[in-house]
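See structure below.
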Amino acid sequence: MDKHEKQKIKKICVIGLGYIGLPTASMLANHGYEVIGVDISEKRVNEIKNGDFKIEEPGLLTLLKGAINSKNLNVKTKAEKADAFIICVPTPAIGCDDGSKKCDLSYVLDAVNSILPYIDEGNLIVIESTIPPETTQKIYDIIDKKVYVAHCPERVLPGKILKELVENDRIIGGINKKSAEMAKEIYKSFVEGKIYITDSNTAEMVKLMENTYRDINIALANEFAKICDEIGVNVWDAIKIANKHPRVNILNPGPGVGGHCISIDPWFIVEKTNNAKFIRSARELNDKMPYYVCNMIISELKNLNIEKPKVTVFGATYKGNVEDTRESPSKKVIDALAEKNIPVSTYDPHANSFEYELHSLEDSIVNSDCIVVLTDHNEFKSFKKEEIDEISKKLKNKLIIDTKNILNHNLWKKAGFKIKLLGNGAW
């Protein structure tokens, strides 16, 4: 393999052109690499070519156009020979009989199998998809050729992907040192943060630890919220003051945890060991929050003696100011309300698609009895008095349940609204 070790990587094939693959392919192309972007969806490939993709990410369209115009990026439905292959496909969680979940590696394995005919001795294969420990080594064994394999997990936040692709530190774990060093040569072309080299098992575990830490912290905040509801304390005030301590950093509670990372990744640790009971408990607590919110809604409607209520949900995406609805707590809240035969209209200024019908603001609130805020979009934070007055006219009852603590409560109260805040037992 000596002759290949001296070969400079010039051509890269990126498999999967979603939230991570498309920005990564575009970034590499803009930094001089010949990039083949591959997605099995012909519809998606055509959308990308036309700049008509459904990813709401600042700067991405400009970056993509620059990559395509430079002739360094070509998007296709099939891979071809290259010096390096980067796999950026989803790794969702699938349910198990015991109520837990585990990683669905089918997309990763399909991606690996799709590039097998094009892999030559000395090529580099990088897995960016989040995977359980020991998976990178298994992929190397599947390839069964003298190649280099590394894991470089993505660590970006939707809405800030391009900024964080460049500025964030990266971790690269190889099946051997040479694999990690080869991958580092690629990423240092655009990464301004530090790049840490380790083995593949450690890199896999680091990514899972990062998101598990946040999931557990949110679970703690959610448990505090439930306790504060019970004992008459405002959890938001309590957390704010507790965080004044220099060694305390409690995150905010909310209606649950969604997205393709934090709500999924802890299960990849749980599936590997029986010693992850605390991690599993936190994950299950967060998964139950949408049902806690549903019970809050029903309780407040009963307190107002509202028969046959209609509910309006503000926010379908899993977090604020993105269009991504994957694993959104909003869906679970609406599911739970539907089981109680409570009709729901959903308004979201960012979501492009959702399991339930999306309505305009005006249509969603007509004759509604309750507005439930489930996502912290800027549009919800910045309602002006005139807009609130117009909303008020269309409602049947003026009840708001704010699970994100983002509304200007004084403005809404002046318009006659009753506001119930998640975790505020003091109201």
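Cβ from N, Cα, C; glycine included.
Sequence-distant contacts of Arg326 (NAD(+) binding site), defined as residues of its own chain at least six apart whose C-beta falls under 8 angstroms from its C-beta, comprise Gly258, Gly259, His260, Tyr318. Taken from Swiss-Prot, the feature NAD(+) binding site applies to Tyr19, Ile20, Asp39, Arg44, Thr91, Thr130, Arg326, supported by similarity to another entry.
All protein chains considered, the CB of Lys207 (UDP-N-acetyl-alpha-D-mannosaminouronate binding site) has 24 other CB atoms within 10 Å. In the three-state DSSP reading, Lys207 (UDP-N-acetyl-alpha-D-mannosaminouronate binding site) counts as helix. Summarising the annotation, Swiss-Prot assigns UDP-N-acetyl-alpha-D-mannosaminouronate binding site to Arg155, Val156, Lys207, Asn211, Arg214, His245, Arg247, Gly258, Tyr318, Lys319, Lys404.
According to Swiss-Prot, the active site, proton donor/acceptor annotation covers Lys207, on the basis of similarity to another entry.
For the recorded site, Cys261 (active site, nucleophile), the DSSP three-state label reads coil. In the structure as shown, the Cβ atom of Cys261 (active site, nucleophile) sits within 10 Å of 26 other Cβ atoms. As annotated by Swiss-Prot, active site, nucleophile applies to Cys261.
Thr91 (NAD(+) binding site) and Lys404 (UDP-N-acetyl-alpha-D-mannosaminouronate binding site) are 28 Å apart (CA-CA, integer value). Note: the Cα of Arg44 (NAD(+) binding site) and the Cα of Cys261 (active site, nucleophile) are spaced 22 Å from each other.
Candidate binding-site residues: Arg44, Arg214, Arg247. Fewest other C-beta atoms within 10 angstroms, Arg247.
Using CA atoms as reference points, the binding-site residues Ile20, Asp39, Lys207, Arg247 were checked against Cys261 (active site, nucleophile), and the closest is Lys207. Here the C-alpha separation of Ile20 (NAD(+) binding site) and Arg214 (UDP-N-acetyl-alpha-D-mannosaminouronate binding site) works out to 20 Å. Mapped onto three states, the DSSP output places Lys404 (UDP-N-acetyl-alpha-D-mannosaminouronate binding site) in coil.
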